[in-house]
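J.: Not my notes, these are from TrEMBL:
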DOMAIN    4-242  domain 'DUF7702'
TRANSMEM  6-24  transmembrane segment
TRANSMEM  36-56  transmembrane segment
TRANSMEM  76-96  transmembrane segment
TRANSMEM  108-128  transmembrane segment
TRANSMEM  148-168  transmembrane segment
TRANSMEM  180-203  transmembrane segment
TRANSMEM  223-244  transmembrane segment
Amino acid sequence: MEPHTAVGIATVIFYAPVTLYAQYIGFRCWKYGSRMACYMVMIFTLIRLAGGALIISVEKGLSEDNADMIKAAYVLINLGVVPLLAAYDGFLSLISRDNFPKARILRFIHHVCAVLIMLSTGLLIGAATMTGEVDQASLQSALYKIGYFIFLAVLLIAVLLSLRVALLQHDRVKQSHLTIVKWLLLASPFLALRTAYGIIGIFDVTGANMFTSMWSSLFGSAAAFALMALLPEYIIVCIYMRILNLRVRTCREMNQLLDEGRDADEHEMEGRQKH
């Protein structure tokens, strides 16, 4: 069995149950806000499940002549990382909206980040469709670089906003939201590692180099692809599903308190004192 085939099989095996759970917890969390995060987590797991199956299919007839399947695989591989950052920004947007409703600058930042994420998505998809086109290698490289560096800029902004909340504004944020920020900060190194894998690739895997570079997702090192791309993504999506689970539980507790005639803010203060 080829190494990339094994990676594709492992991806399908690991993402099959995760995809089902992501749809379940996403729909449950839908009514409690953070819909962008829910939507992105649900979409990401579907993309990765389909991507794993496509990698298996491509590897059975992997050659330079199998252009359409290879392009489709690269589109899914590059597109998959975008929902993770969009979900991160979605969680932060929820926290900003609930805790700092009058902070217009934060709303503006999140709107700008959303636009940049969409721009990055278009650039990465466009670059992936040029896979294997030697005469378009320069354009492909430029699109990849712009797309990934926009992605990196948004990631840095998101991490800085998270650190700002955790270190400087923790006393102004609900305890349940502060917990979300801590989980996001835990996910950020893995998101950075995944971004690093993509950035390394854009300087080497363009044109005909995609068939020889070790950083090529389909033709290069399967170990590097699995450890620097797929594994960090899997850890991140598990963290996000944990956040969604906590969100559902917290909101249900708040609703129960309101039904009992108690103040949800007092409950938050009690939780803060315990911590």
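Just so it is clear, glycine is given a Cβ too, placed from its N, Cα and C backbone atoms.
Tell me what's around each of these sites.
T.: For the transmembrane segment (6-24), the list of distant contacts is 41-42, 44-46, 48-49, 51-56, 59, 222, 225-226, 230, 234, 237-238, 241: same-chain residues at least six beyond its ends, Cβ to Cβ under 8 Å.
Same-chain neighbours of the transmembrane segment (36-56): 4-5, 7-12, 15-16, 18-19, 22-23, 26-27, 29-30, 69, 72-73, 76-77, 79-80, 83-84, 86-91, 93-94, 218, 230, 233, 237, 240-241, 243-244, counting only residues six or more beyond its ends whose CB sits under 8 Å from a CB of the stretch.
Tertiary proximity for the transmembrane segment (76-96) is limited to same-chain residues at least six positions away from its ends with a CB under 8 Å from its CB atoms, namely 33-41, 43-44, 47-48, 50-51, 54, 103, 106-107, 110, 113-114, 117, 120-121, 124-125, 127-128, 151, 154-155, 158, 161-162, 165, 173, 177, 180-181, 184, 187-188, 191, 194-195, 198, 217, 229, 233, 236-237, 240, 243.
Sequence-distant neighbours of the transmembrane segment (108-128) (same chain, 6+ residues past either end, Cβ-Cβ under 8 Å): 71, 74-75, 77-79, 82, 85-86, 89, 92-93, 96, 140-141, 143-144, 146-148, 150-151, 153-154, 157-158, 161.
A Cβ distance under 8 Å defines the sequence-distant neighbours of the transmembrane segment (148-168), meaning residues of its chain 6+ beyond its ends; these are 81-82, 85, 88-89, 92, 95-96, 106, 109, 113, 116-117, 119-120, 123-124, 178, 181-182, 184-185, 188, 191-192, 195, 198-199, 202.
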